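These notes concern the structure reproduced below.
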Amino acid sequence: MLNFLQSVQFVKEVEKKIIEYDKDIAFNEAIILYEIAKHDADLVKNLASTINQHYFKNTIELCSIYPAKVGLCPQDCKFCSQSIHHSCLIEIKDLAALDEVIEYLEYVISFPIKRFCLVTSGEKLDDSEFEKILDIYSHISKNYNILLCASLGFLTQERAKKLLKVGVVKYHNNLETSSTYFKNICSTHTQQQKIETLKIAKEAGLQICSGGIISMGEDMIERIKLAFELRELDVDSVPINILNPIKGTPLEDIKIIDKNEIFITLALFRIVLPKKTILLAGGKENALGDMEKMAYECGVNGCMVGNYLTTRGMGIREKIEMLESLDLKFQTNMHNN
């Protein structure tokens, strides 16, 4: 174990490697940073903040999602209230109509939100549903000034190209957890299927968004593995969700990891993925409460605002006021795609 002075020196060397030499850290270096964080968490959190400030200044990207289809999912992901394998009380919702989506979108665009994503339950949409969702995206793309993302399950090359054609710029599919822990979370599909979908999206010209959920019983080593696996895929943005244990799911009795461990996790993701958008997503209000502000000092430069798929988030206006109090500037769709 390094002493304090050795820890300070190691952190300085990592900072120089990333910022001055534009090099990625190795897995063993991330493990050493975690060991340092156990005793001197501020060293690692401050490093993450320095890296974030170097690449993103004091800007933050906001996105909002709309649950365009909810429930009746045949997959058995242990965290999810939408699975038919679990006994959760949620409102089942068929594919949304255009006017429903537009009503929410027009509320969203009254705020400085950069991205808007339609999310559907299930392995994938059937052909009829997919054509309807294409029509919705086409209408939004032609009439509204917001970047469009999609989270519609597994993809084919043909579908990826169609999404790109109607104005979608980014495709989302979470790895959820590390490759070695995934078997503990889901048995009805493989993580490799998710990876293939991300590769298909990328090959078609879409940006890719993929992250995971922390506090599902995994340890920090598994989280670090996930960060490196996402780096290997060269994802563009990384949503980090914190488990919100939902009654009726197999994970309903899990105790959420403590706040400091969450902050260290976020910091390590920033250090491993220095140039990517690290987005604080679902579960943040439940897990962090008033301490959510501290997450944005640990390398986070993105925030999902509004409600989630089946759980409520903080009101958009309230969230934006909180972020403004931190002197953060909101990215627009002029800040790259």
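Each Cβ is built from the backbone N, Cα and C atoms, and glycine gets one as well.
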Quiz item: If Swiss-Prot gives CYS117, CYS209 as binding [2Fe-2S] cluster, which of CYS149, CYS186 does it give for that site as well?
Solution: CYS149
Quiz item: CB neighbours of CYS117 ([2Fe-2S] cluster binding site) within 10 A?
Solution: 21
Self-check item: Any further residue of that chain within 8 Å (Cβ to the Cβ centroid of CYS117, CYS149, CYS209) of the recorded [2Fe-2S] cluster site
Solution: CYS63, ILE65, ARG115, ALA150, SER151, LYS170, TYR171, HIS172, SER237
Quiz item: List, in sequence order, the same-chain residues at least six positions removed whose CB sits under 8 Å from that of CYS209 ([2Fe-2S] cluster binding site)?
Solution: CYS149, LYS170, TYR171, HIS172, ASN173, VAL235, ASP236, SER237, VAL238, PRO239, LEU279
